[in-house]
Amino acid sequence: MTGTPLTAAKSAAARPAGYGLARRGQASFLVHRRATAVALTLAVLTAAVSVLSLSVGETWVAPGDVVQVVLGQDNPNELVVGTLRLPRLVTGLLVGLAFGIAGALIQTVARNPLASPDIIGVSQGASALTVGAMTYGIGSYAVLPWLSVTGGLVAAALVYVFAWRGGLHAARFVLIGIGFAVALKSVTQLFLTKGDALMAQQAKVWLTGSLNGRGWDASRPLLWTLLIALPFLFWAARAQRTVSLDDDTATALGVRLQRTRLGLVLLGVVLASVATGAAGPVDFVALLAPQIARRLTRTAQIPLLSSALMGALIVTAADILARKLFAPTELPVGVLTAAIGAPYLMWLIVRSRTGGKA
Amino acid sequence: MTTIDTPASRLAARALTLAYDERVVVESLDVDIPDGKVTVVVGPNGCGKSTLLRALGRLLKPRGGSVLLDGRELAKLPTKQIARTVGLLPQSPTAPEAITVGDLVGRGRQPHQSWWQQWSEADEAAVTTAMAHTDITELAERPVDELSGGQRQRVWIAMALAQETDLLLLDEPTTYLDISHQVEVLDLIRQLAVPGERRPHGRTVVAVLHDLNQAARYADHLVAMKSGRIVAEGPPGKVVTPELMREVFGLDAVIVDDPVTGGPLVVPGRPWHAQ
Ligand SMILES: Nc1ncnc2c1ncn2[C@@H]1O[C@H](COP(=O)(O)OP(=O)(O)O)[C@@H](O)[C@H]1O
Ligand SMILES: [Mg+2]
């Protein structure tokens with residue numbers, strides 16, 4: 001170690017293992033090879049499942065016809081595929097993307113997979129306010145997204161304030177979050193029993209997280225939110241590299257930790273809330289997608305793009321099952337995601353109690 | 001009323017008071033870290049060595065007084081600029097699960113990068129050099145959590161070196177290392193302070209060490225702390241005395257000449273079998 005001269009030999013070993021370099025003029029970007037391959041595979045799978053999702057229904061439409069309709073070519077199935085099924089698919093895709101990213105961001109900050117927006121009260125806050133509004137007859141898609149964002153942000157702020165003790169401790173944050181989630185669920189129940197019975201019935205369907213009958217007006221606010229969030233996500237992906245280190249090391253590298261964390265959480269809370277507003281709380285997607293994605297990419301931090309695509313894949317695939325499993329009766333997609341997510345959640349809790357690192 | 005003089009050295013503390021919540025750990029401490037020298041901080045467990053180091057590296061906000069970098073208050077400088085000047089290796093850093101050695105060392109380059117310049121030739125050169133100097137080049141692709149404690153420690157040192165700062169603060173960098181790697185790390189620290197092409201004055205290093213003899217051997221400037229105060233500081237030959245050993249560590253010791261360096265060597269007195 002001491003014999004080496006102070007001038008460095010050029011060596012490929014210096015670039016972090018597993019990364020490639022994308023260069024353009026002065027700009028250079030580190031690209032994780034395996035994560036890129038995983039993202040591409042997930043994108044292809046999601047595309048295939050999307051076509052399948054447009055094919056199945058009361059009548060089967062051949063995938064060839066589906067592709068024609070999506071590409072805007074003349075096809076007799078235009079009405080069924082383009083007008084009836086496509087908006088629902090798009091809503092599902094966007095909801096999955098948003099939940100996947102939101103989970104990845106908040107789990108990164110808390111360094112704990114349990115700290116997902118659907119576990120720590122964000123989805124529940126968004127739901128409570130939305131259901132409250134619905135039972136009082138406010139059901140317009142121009143208003144609902146704002147209400148869900150407000151609900152999600154207020155819930156997150158409350159959890160933050162109650163968990164703060166001169167610093168944020170992940171375990172306390174999660175426990176207080178779960179507490180708030182339960183409390184907010186009871187608030188939602190209160191709205192349902194106190195409010196107008198007919199409206200409450202509609203709100204109940206929404207509450208299970210359903211893509212049934214979701215048209216373009218449901219997905220539009222979410223699409224805008226995702227587009228506006230995109231540049232911030234580039235910032236977030238880089239911030240993840242240091243936030244995933246320990247506090248002292250990150251600070252020594254010149255990261256303003258509190259500010260960075262707040263930014264990441266804010267981004268995640270807004271995305272999760274708007275997604276909740278679009279399709280109801282599709283539970284466990286935000287918890288599951290980033291964890292599966294990370295196991296596939298084997299990256300040191302939770303991969304944003306792969307988490308997003310994994311979320312979209314889970315929601316779309318679950319929605320096909322939800323429609324076909326007990327056809328002609330349709331299940332809400334949230335029931336399906338909960339069926340996979342709940343056992344995983346229990347496994348996580350058992351493992352954290354036995355001292356394993358999650 | 002304290003007036004802030006302009007310190008002669010790049011890194012200094014004036015009337016520094018440090019506390020966790022209500023607990024004051026360091027009170028009204030003044031220190032000047034000599035430029036281009038190796039300063040070693042010693043003292044019993046819990047006396048505030050790590051706390052002082054964290055404040056010098058801006059990880060802990062002073063309750064009172066200030067840390068000065070190039071004559072300006074640390075708290076008022078942009079964080080990224082500080083991170084390009086002062087590097088710090090915490091006492092027990094933790095790596096994210098599954099991160100590879102090369103990836104972790106590369107993250108030391110953070111303050112030199114921006115979101116659109118994520119990897120440059122300078123980054124590559126700094127990481128290669130840092131890894132070569134800590135003898136971990138062969139480990140580049142291994143996950144950090146599969147390494148031995150000693151290897152891991154060298155990876156963290158490499159990360160701090162890759163940051164390429166003029167000042168480097170190391171909190172117990174030799175813990176977990178076997179004796180030969182301890183000596184290698186200490187030799188490396190000495191080498192860092194040697195003037196070179198890029199740094200005509202050499203780097204300034206502050207290290208917390210718990211082995212007194214190693215401290216005496218490798219320090220240009222020795223700082224002995226007790227209960228948050230500096231009890232003595234200066235060249236090891238002046239600082240390491242039987243009186244100081246008794247005052248700081250409560251230890252009866254004989255000081256002899258180190259047969260290799262001629263410096264002070266602490267030999268604890270009254271061992272159990274001589275009583
Ligand atoms: N994060 C913390 N919160 C509260 N007290 C702390 C914290 N870190 C250290 N201390 C206390 O401050 C004192 C000095 O600690 P430290 O600087 O780590 O000592 P040293 O590094 O000399 O062993 C100890 O009494 C320790 O208990
Ligand atoms: Mg210490």
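Residue numbers in this text run from 1 along the chain shown.
Every residue, even glycine, has its Cβ placed from backbone N, Cα and C.
Since this is a predicted model, take the numbers as computed values, not measurements.
What TrEMBL says about this protein:
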type	residues	note
TRANSMEM	A:37-56	transmembrane segment
TRANSMEM	A:89-107	transmembrane segment
TRANSMEM	A:119-138	transmembrane segment
TRANSMEM	A:144-163	transmembrane segment
TRANSMEM	A:170-192	transmembrane segment
TRANSMEM	A:221-237	transmembrane segment
TRANSMEM	A:262-282	transmembrane segment
TRANSMEM	A:302-321	transmembrane segment
TRANSMEM	A:333-350	transmembrane segment
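Long-range Cβ contacts of the transmembrane segment (A:302-321) within its own chain (Cβ-Cβ under 8 Å, at least 6 residues beyond either end) map to 32, 35, 38-39, 42-43, 45-46, 49-50, 52-53, 56, 88-89, 92-101, 103-105, 107-108, 211, 233, 236-237, 240, 282, 285-286, 288-290, 292-294, 296, 331, 333, 336-337, 340.
Here the transmembrane segment (A:89-107) sits against the transmembrane segment (A:262-282); at least 3 CB pairs are under 8 Å, leaving out pairs fewer than 6 apart in sequence. Long-range neighbours of the transmembrane segment (A:333-350) within the same chain, counting only residues 6 or more positions beyond its ends whose Cβ lies under 8 Å from a Cβ of the stretch, are 92, 113-114, 119, 208-211, 279-285, 287-288, 291, 314-315, 318-319, 321-322, 325, 358. Long-range neighbours of the transmembrane segment (A:221-237) within the same chain, counting only residues 6 or more positions beyond its ends whose Cβ lies under 8 Å from a Cβ of the stretch, are 91, 94-95, 97-98, 101, 105, 141, 145, 263-264, 267, 270-271, 274-275, 277-278, 304-305. Through the fold, the transmembrane segment (A:144-163) approaches residues 117, 120-130, 133-134, 138, 169, 172-173, 176-177, 180, 184, 221-222, 225, 265-266, 269-270, 272-274, 276-278 of its own chain, all at least 6 residues removed from its boundaries and within a Cβ separation under 8 Å. Same-chain residues lying 6+ beyond the ends of the transmembrane segment (A:119-138) with a Cβ under 8 Å from its Cβ atoms: 102, 106, 144, 147-156, 158-159, 173-174, 177-178, 180-181, 184-185, 187-188, 191-192, 194-196, 199-200, 202-203, 206-207, 268-269, 272-273, 276-277, 280-281, 283, 286-287, 345.
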